[in-house]
Structures are given as C-alpha cells and as structure tokens.
Amino acid sequence: MSKIWLIIKREYISRVRKKSFIIMTLLTPLLLATFMILPGLLISMSGDSETVMVLDRSGLFEGKLENKKDLNFIPLAGTLDQAKTIYQETDNTALLYIPEMSLDNPEGFVVYGKKNISIQTQVRLENMLEKEIESQRYLASGLDREMLDKIKANVSLTAINLSDQGEKDNNAIITSVAGVVGAVIIYFFIFMYGVQIMRGVIEEKTSRIVEVMISSVKPFQLMMGKIMGIAAVGLTQFLLWIILSFIAVTGVSAAFGVDAAPSPAAQYAAGQVAAQGEESGGDDEAVQQDSEKDEFANTIQDVKQSFANLNIGLIFICFIFYFLGGYLLYGSLFGAIGAAVDNETDTQQFMMPITIPLVISFIMSYSLVLKNPDGPVAFWMSIIPFTSPIVMMVRVPFGVPAWELLLSMGLLVAGFIFTTWIASRIYRVGILMYGKKVNYKELSKWLFYRV
Amino acid sequence: MSILKIEGVTKTYANHTALDNVSFEIPQGCIFGLLGPNGAGKTSLIRIITQITGADTGKIYFRGERLKPDHIREMGYLPEERGLYKKMKVGEQLLYLAQLKGLSKSEATARIKAWVDRFEIREWLGKHIEDLSKGMQQKVQFIATVLHEPALIILDEPFSGFDPINANLIKDEILSLRDKGATIIFSTHRMESVEELCDNIALINHAQKVLDGPVKEIRDAYKTDTYQIIGNGQLMITSPDFDVLEQHDNHGIFRANVKLLNNASPNDLLRYLIQRVEVHSFVELVPSINDIFIRKVKETHHV
C-alpha cells in the first residue's frame with residue numbers, strides 16, 4: 001500500500017509542478033472571468049444614454065415621445081435641411097425625421113446618424129412610433145389603451161411532477177442544465193485525464209523505466225498508482241478552477257465596477273421578462289416598471305424554487321460517483337492502450353472503441369435523453385456501464401427510480417472491476433514488449449497469458 | 001552456501017519455450033555469469049528471479065527459502081532495457097526508487113549522498129535526467145540499482161552502451177560490492193567481456209542450460225593440454241608424446257601449437273624443446289568460454 005502511495009505522490013507532484021498545468025490552471029479562470037465580464041463591460045461602455053433629435057413634421061408625436069433613462073429626445077422645428085445642419089453641430093446619436101403623414105398611412109420615417117445607428121436603437125424607435133400610432137388609432141376608433149391592457153391576459157404555466165414522492169415543481173430547463181453540466185464535466189474529465197494516463201504509460205515505456213519500476217512494484221500497483229495520481233491532479237485542477245474563477249470574476253468585476261454577465265438563471269428570468277417586452281408602451285411607464293420588477297422577481301423565485309426542488313444532494317452524490325466510476329472505468333482502458341503500443345501514433349486503432357461509446361453517449365444525452373429522459377434509449381444507455389456515467393448524469397435531475405439508479409451504479413462498479421482486470425492483464429504483458437506492433441488478436445491472447 | 005537455487009524451471013510463452021527445465025545454483029558472494037546468445041532465455045530467467053513473471057513449473061530458493069515478494073528488497077536489478085524518468089531530477093529519482101525498495105527517506109538521502117560523493121557527481125543532483133549525457137545516466141542507473149544494498153545484484157547486459165571509462169568504474173564497484181558480501185549475476189551474450197570477472201558461470205542455449213560451474217573447473221575440464229611455443233630455430237618434433245597441431249616458420253622464428261599425448265607433462269615438452277631450439281615463449285592454450293560454449297553447443301547438436 002505504501003508503494004502505491006509513493007507512486008500516487010510522484011504522479012501527482014510531477015504533474016502539478018509542470019508549467020503547462022500551472023498555466024492551464026491559472027489561465028482558464030482568467031479566460032472564464034474575461035468571458036463573463038467582457039459582455040457586461042461592453043454593454044456598460046456603449047450604454048451611455050443616447051440622445052435623438054426629433055423633427056416631427058406631422059405633429060402627431062408632439063410630447064408623446066417620452067424620455068427614458070438611456071434615451072432622450074430633443075424636439076426640433078423647421079425644415080429637414082435646417083434640422084440636419086443643427087444635428088451636424090451636436091454630437092447627438094441620431095436625427096429622427098417624421099414626415100407629414102396621416103395615421104392611416106404612416107410612411108417615410110428616416111433616421112439620420114453620423115455613425116451607424118445600432119439595431120437596438122432602431123428597433124426601439126420603431127416600437128415607440130408603432131405604439132404611439134396604435135394608441136392614436138385606438139383613440140380615433142373610440143377604444144381606450146388602458147381598457148385594452150386590462151383585457152389582455154398573461155398566462156405562465158407551472159409544471160408539476162406527480163410522482164411517488166408527492167408533487168414537485170418541474171422546471172425542465174433548470175433540470176436539464178444541472179444534468180448536462182455534470183455530464184459535460186464527466187465527459188471532458190474522462191477524455192483529458194484518460195489520455196494523460198495513456199501518455200504516462202507510453203512515456204514509461206519509451207524511457208525504459210518500466211522494467212526498473214516493476215522489479216520493485218507490481219504492474220498493477222504501477223497502473224493503479226498512475227490512475228489515482230492523475231485523478232487527484234484532475235480534481236485539484238477542477239477545485240482550483242472553481243475557486244480561482246470565483247476570485248477572478250469577483251476581482252475583475254470589482255476592478256472594472258461591472259457586474260458579471262448574468263448567470264444562466266438570471267438570463268432565463270430576464271428572457272421571460274423580455275418576452276413580455278415593453279408591451280405596455282410609454283403611457284404608463286411607472287406602472288410598467290413596477291410590473292416588470294414583479295415579473296422579474298417572480299421568475300427569479302421560480303428558478304430558485306426549481307433549484308430547491310432538484311435534489312441537490314442526490315445530484316451531487318451521483319455526480320461524484322459517476323465522475324469517479326466513469327474515470328476509473330475508462331482510465332484503466334487508456335492505461336492498457338498505452339501499454340500495448342510503443343508510441344502515440346499507434347494508439348489510433350485502439351482509441352476508437354473507447355472513444356465511440358463516450359461520444360455516442362455524449363451526443364445522445366443532448367438529443368434523445370434530454371427529449372425523453374425516461375425512454376428506452378435513455379434507460380438502456382444509463383444502465384450499461386460504458387455509457388451510464390454520462391447518460392445517467394443527464395437523467396438524474398429528472399428523477400430516476402431508485403432501482404434503476406442502484407442497478408446502474410452496481411453495474412458501473414462491476415464494469416470498472418472488469419475493465420481494470422482486462423487492463424491489468426494487457427498492461428503487465430504490454431509494458432515489457434518493445435518494438436512489436438500488436439493487433440486485437442494479439443491483445444486477446446495476452447488476457448490469458450500466465451505471468 | 002548458495003544464495004539462489006534454481007530447480008527445474010520451465011517457462012513457455014504462447015508459441016515458444018523460453019526456459020526448459022533449467023537448474024543450477026549460485027553460490028553466495030560470487031560473481032556469476034549467466035551466459036548465452038541472444039534469445040537463449042537469460043532475460044526470461046532473470047524476470048522470474050526478480051518476480052516480474054512467474055515460472056510455469058520449477059522452484060526457486062532464495063537463501064534456502066522459496067522465493068517470495070519480500071525477497072525483492074534484497075535484489076537490485078539493472079535491466080537491459082533501462083531508463084529513468086526524463087523529467088525528474090537526479091536526486092528525486094534516486095530517492096523515489098530507493099523508497100520503492102523500502103528505504104526510509106532519511107536513510108535513502110544519506111546513502112544517495114555517499115554514492116554521489118563517491119562518483120563525484122554531487123552537482124548533478126538538481127539536474128533533470130534529460131539534461132544528462134548517456135554515460136551520466138548510466139551512473140545514476142547503477143546507483144539506483146545498488147542503493148538499497150541488495151544481497152543479490154542482477155545486471156542484464158551491463159556494459160552495453162557503457163564507454164570504457166564508465167565500464168571500468170562499474171567493474172571496480174562490482175568487485176568492491178562482492179568483497180562486501182554481495183552476490184552479482186551478470187547476464188550477457190558477450191562472453192569474453194565477463195570472463196575475467198566471473199567466478200562461476202552458467203551457459204544457456206535454446207532455453208536449456210548447457211553447462212554450469214566455477215570458471216576454473218570448467219576450463220580445466222575443457223583443457224586440451226595444448227601449448228603454444230614461440231622460439232628461434234628449426235623445430236622438428238618427432239616424439240610420439242607430442243602432436244604438432246599447427247606450425248608456422250618465419251625467418252627462423254617459429255610458432256607452434258603442440259598437444260601433449262600419453263600423459264606427458266609440459267615439463268617433458270619443455271625439456272625436449274630446450275635441447276633443440278631457443279624458446280622465447282611457452283604458453284598453455286586455455287579455451288575461452290566462447291570456445292567452450294561453441295564446442296558444447298556443437299556436441300549437443302550432434303547428439
């Protein structure tokens with residue numbers, strides 16, 4: 001046991017001290033922080049209030065275009081050419097020209113700008129003009145805008161799961177996100193660190209240290225020590241990423257005085273609000289703002305509720321279990337590949353059968369499993385050990401019967417023992433083979449060598 | 001007393017037999033040559049002794065005990081395919097390998113210090129292995145092999161790739177380790193390279209032991225009672241006790257290989273010669289291990 005510990009320690013320390021590890025560990029949170037902060041920073045930079053000069057020849061919009069906090073209007077009078085000259089002398093954003101026209105035929109609106117006018121501003125102006133024209137048409141036809149707002153209905157659907165455990169709020173989006181994030185992390189972890197195991201074994205073979213090593217330790221100890229040491233490196237990196245990202249994001253946002261771009265939950269809430277848009281128009285700004293706030297608060301509440309209803313504890317335990325189980329299952333196979341070949345270019349043919357189930361389960365979890373988390377494909381893929389770490393992770397937040405979960409976990413453990421057995425048989429023969437190109441037939445023979 | 005006793009060891013791989021019922025003993029405190037051509041089964045046998053693989057049948061006793069995993073600590077093995085972790089520093093590497101052999105950190109550190117001072121390589125400790133020359137790496141490998149003071153040191157083709165200076169250094173170290181009581185197994189196909197070093201040998205060919213025993217006894221057994229004489233004069237041997245195998249004359253200088261027959265002694269030959277020619281050199285032609293091996297292999301093939 002102490003030998004395995006020594007091996008784990010060496011594998012861990014030699015990797016953690018590498019420049020590439022340190023750079024990756026520091027750079028990723030910085031990049032993440034940049035990606036989170038940058039949009040916010042850009043928005044705030046371009047977010048200065050805009051001023052639009054309005055030349056209203058129709059007289060329909062006089063006093064109707066109200067100033068918003070980031071959009072001001074300055075009414076002008078005179079001819080278009082005069083207005084243009086005045087506008088040229090200011091540094092206002094745009095000049096809005098409203099020609100003489102009737103309510104029935106609103107045409108000929110033009111926006112002049114010194115620079116390109118953002119789509120956002122254009123759309124906003126269009127909306128405001130449309131709203132105003134609509135209001136005036138309502139008035140003309142004897143309808144009241146307020147009356148119409150009262151008539152308007154706003155329905156939001158709350159999905160509730162009726163299951164054995166009683167009623168549960170079900171917010172499909174939040175549920176999917178939690179599972180998919182876990183699955184993606186597992187997927188990348190298996191690949192990144194599985195390949196590191198393989199490279200480590202190849203390195204030991206090519207540097208000819210391996211026979212020196214196995215005259216002191218058993219091949220199995222050498223293999224497991226490497227797998228565990230690299231797992232520890234991976235966990236360290238993830239932990240550092242989480243901590244450093246947090247520090248970086250708060251640090252950068254404090255330094256620039258900018259909020260981070262909204263989290264997915266907040267974005268979702270904002271999206272809901274945006275869907276309702278500035279519908280209520282400019283008339284009752286105050287009322288609308290209040291309702292917007294309510295709306296936003298409600299949605300946030302919904303999201304929080306959904307998170308609370310997700311069984312965070314269960315998801316976390318499952319994540320750790322499938323994370324380690326999947327890594328160990330594939331890690332030993334990657335180790336076996338490393339032992340079977342002489343250099344990395346020879347690994348291709350053996351990588352295929354390992355990569356395929358991983359990639360398929362990754363693709364499936366996005367398409368079929370998310371769409372129908374209780375369907376037969378999802379069921380079988382979450383039971384079979386080679387695909388279960390990813391697929392089950394996606395399914396868990398939707399709620400999985402206990403027997404399925406236990407069966408899947410049990411099979412994963414069995415699968416891990418099985419692949420480790422295979423891998424150790426290949427490993428102990430392979431590490432002492434030099435300069436021999438092996439194929440599958442040869443490998444299958446190795447399984448039954450007496451050593 | 002023998003430190004290692006090999007009894008009827010057989011090892012087969014899928015399609016060939018690496019060792020076929022091999023038995024011999026290795027006495028304590030000797031330098032033992034495990035000799036044979038490439039592919040004879042030397043490395044297979046060593047891997048069985050170092051417990052990297054197991055024998056199909058047969059038994060191995062280490063100091064009278066059946067070989068067991070604990071014995072690994074008492075062995076130091078320098079494989080033919082040897083190397084070091086390239087990215088590790090010399091000091092760390094030696095410490096790691098010593099700890100894997102069961103040394104405590106403090107003990108290992110003390111011994112590493114003693115060895116690097118002995119080889120005058122103290123300033124290398126902080127260097128990465130990949131920055132060392134091949135000869136330097138070989139020194140480090142040798143230190144790693146003997147650092148835990150094993151009772152049995154196994155060197156597989158130890159001098160392949162060594163430059164003559166390093167080879168001599170290692171030879172001296174091996175002799176001094178033997179004097180301290182260690183037993184050393186040399187495995188090589190270059191028989192002449194270890195002839196003068198080995199006390200005992202075993203010859204292996206085609207998975208079978210051909211011959212084993214003390215070098216002196218083997219040579220005596222294969223002595224041919226042939227002497228090489230170089231001298232001045234006209235040599236004409238007519239005595240029935242002496243058989244001239246070969247003779248060259250060159251401007252009055254002759255060189256002849258003469259075999260003694262009918263229990264004649266070398267002194268008889270010398271006396272016979274002195275009466276007739278001027279003798280400059282009189283040397284017994286001792287068969288080299290290489291010759292013995294070739295003869296032995298031929299014999300077994302004829303049988």
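Every residue, even glycine, has its Cβ placed from backbone N, Cα and C.
Here TrEMBL flags A:19-424 as domain 'ABC-2 type transporter transmembrane'.
Summarising the annotation, TrEMBL assigns transmembrane segment to A:21-43 (among others).
Per TrEMBL, the feature transmembrane segment maps to A:172-197 (among others). Residues 15, 159, 226-227, 230-231, 233-234, 238, 264-265, 268, 303, 306-307, 310, 315, 318-319, 322-323, 326-327, 330-331, 333-335, 338, 354, 358, 362, 365-366, 370, 389-391, 393-398 of the same chain sit 6 or more residues outside the transmembrane segment (A:172-197) yet have a Cβ under 8 Å from a Cβ within it.
Annotation comment: TrEMBL describes A:238-258 (among others) as transmembrane segment.
Feature annotation from TrEMBL assigns transmembrane segment to A:310-330 (among others). Same-chain residues lying 6+ beyond the ends of the transmembrane segment (A:310-330) with a Cβ under 8 Å from its Cβ atoms: 174-175, 178-179, 182, 185-186, 189-190, 193-194, 227, 231, 234, 354, 358, 385-386, 388-390, 392-393, 396-397, 405, 409, 412-413, 415-416, 419-420.
For the transmembrane segment (A:350-370), the list of distant contacts is 176, 179-180, 183-184, 187, 190-191, 194, 330, 333-334, 337, 340-341, 377-378, 381-382, 386-387, 389-391, 393-395: same-chain residues at least six beyond its ends, Cβ to Cβ under 8 Å. What TrEMBL records for A:350-370 (among others) is transmembrane segment.
Summarising the annotation, TrEMBL assigns transmembrane segment to A:377-396 (among others).
TrEMBL lists A:402-423 (among others) with the feature transmembrane segment.
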Intrachain neighbours beyond the transmembrane segment (A:402-423), with Cβ under 8 angstroms and 6 or more residues off its ends: 223-224, 318, 321-322, 325-326, 328-330, 332-333, 335-336, 379, 382-386, 388-389, 392, 396, 447
